[in-house]
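Participant: Dumping the structure here so I can ask a few things about it.
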Amino acid sequence: MLALYLNFAFICLVSSVLGRPARLIGNLKARVEPDKSSDGNAWKPLYDGHETFVSEMKSKNPGLLENLADKGQHPNFVVISCADSRVAPETVFSTLPGTIFSERVVANQFDANDDHGDIGIYYALEHLHAHHVVVMGHYGCGGVAAAIASPPSEPISEADQEIQEWIKPIRDIYASSDREEIAEFRKKTQGNENIGQPELHDPAFRALVEENVKKNVLNVGNSEFVQKLWKNSKNSPVFVYGLVYDIENGDVFDLEVTMGPHGVSPPPSPFPAVLKALKSRS
């Protein structure tokens with residue numbers, strides 16, 4: 001189990017690569033970022049940001065941190081989102097501490113068989129009594145793009161091996177999806193020796209981002225833990241939502257795949273449905 005944890009940690013270390021156009025993934029050694037460890041200003045954004053955070057908490061929300069420390073956290077939302085540096089849910093939703101219990105993994109995946117990855121979600125639902133689970137994907141996701149592109153050529157690095165294993169469920173969605181945009185892309189690239197990275201606005205790329213969110217909403221809702229919670233819990237019902245974030249303009253859309261306990265109508269999210277939003281723009 002320790003080895004699994006270390007492997008997962010290693011994936012998280014390279015998640016910044018996945019957050020960029022995925023053509024970088026297949027050639028990590030050839031495209032290494034410049035070493036910034038000796039840059040005296042490297043810490044400036046973090047330090048200045050922390051100074052602003054402390055100042056604003058004292059002026060705008062006095063006592064909040066002390067209250068959270070004294071009485072504990074009671075977040076109403078669990079957000080499963082990508083590890084991409086551009087999509088931190090606390091930033092996207094501009095929330096205060098104690099609002100979101102955040103679970104961040106590459107390509108916002110949920111595996112009910114991964115005890116290490118899911119323990120945080122179970123803890124938030126069982127002990128913190130969160131009521132809303134949100135799976136939030138994002139357009140331009142490097143993990144999803146990597147699932148469309150051809151795997152890197154042998155020999156591949158340990159990092160690439162771990163990445164390819166992690167994105168296999170998304171490759172499976174890509175290979176089997178009957179969604180029109182994805183099926184057309186598969187047909188167009190059939191027989192290609194090497195499939196390159198999709199562009200940000202490629203319809204198949206955006207569609208696969210959405211289908212990956214939908215699949216992981218199902219993974220959460222169909223997990224044994226959540227099913228038992230729905231059947232046996234005496235607390236307020238838990239609902240599972242699927243959202244997608246547009247990294248280009250900051251918009252958030254609802255994929256309208258909300259799950260909840262049998263016989264209970266899920267409360268709608270306030271975010272526009274993705275299909276309606278697309279029609280209004282066309």
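Each residue's number is its place along the chain shown, starting with 1.
From the backbone N, Cα and C atoms, a Cβ is placed for every residue, glycine too.
Taken from TrEMBL, the feature Zn(2+) binding site applies to CYS82, ASP84, HIS138, CYS141. What TrEMBL records for 1-19 is signal peptide.
Tell me what's around each of these sites.
Facilitator: Less than 8 angstroms from the CB of HIS138 (Zn(2+) binding site) sit SER81, CYS82, ASP84, ARG86, VAL87, ASN108, VAL209, VAL244, TYR245, ASP246, ILE247, each of them six or more residues away in the same chain.
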Participant: Take the Cβ of CYS82 (Zn(2+) binding site) and count every other Cβ within 10 Å, whichever protein chain it belongs to.
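Facilitator: There are 29 of them.
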Participant: By the count of other Cβ atoms within 10 Å, pick out the sparsest of the binding-site residues ASP84, CYS141.
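Facilitator: Result for the binding-site residues ASP84, CYS141: minimum number of other Cβ atoms within 10 Å at ASP84.
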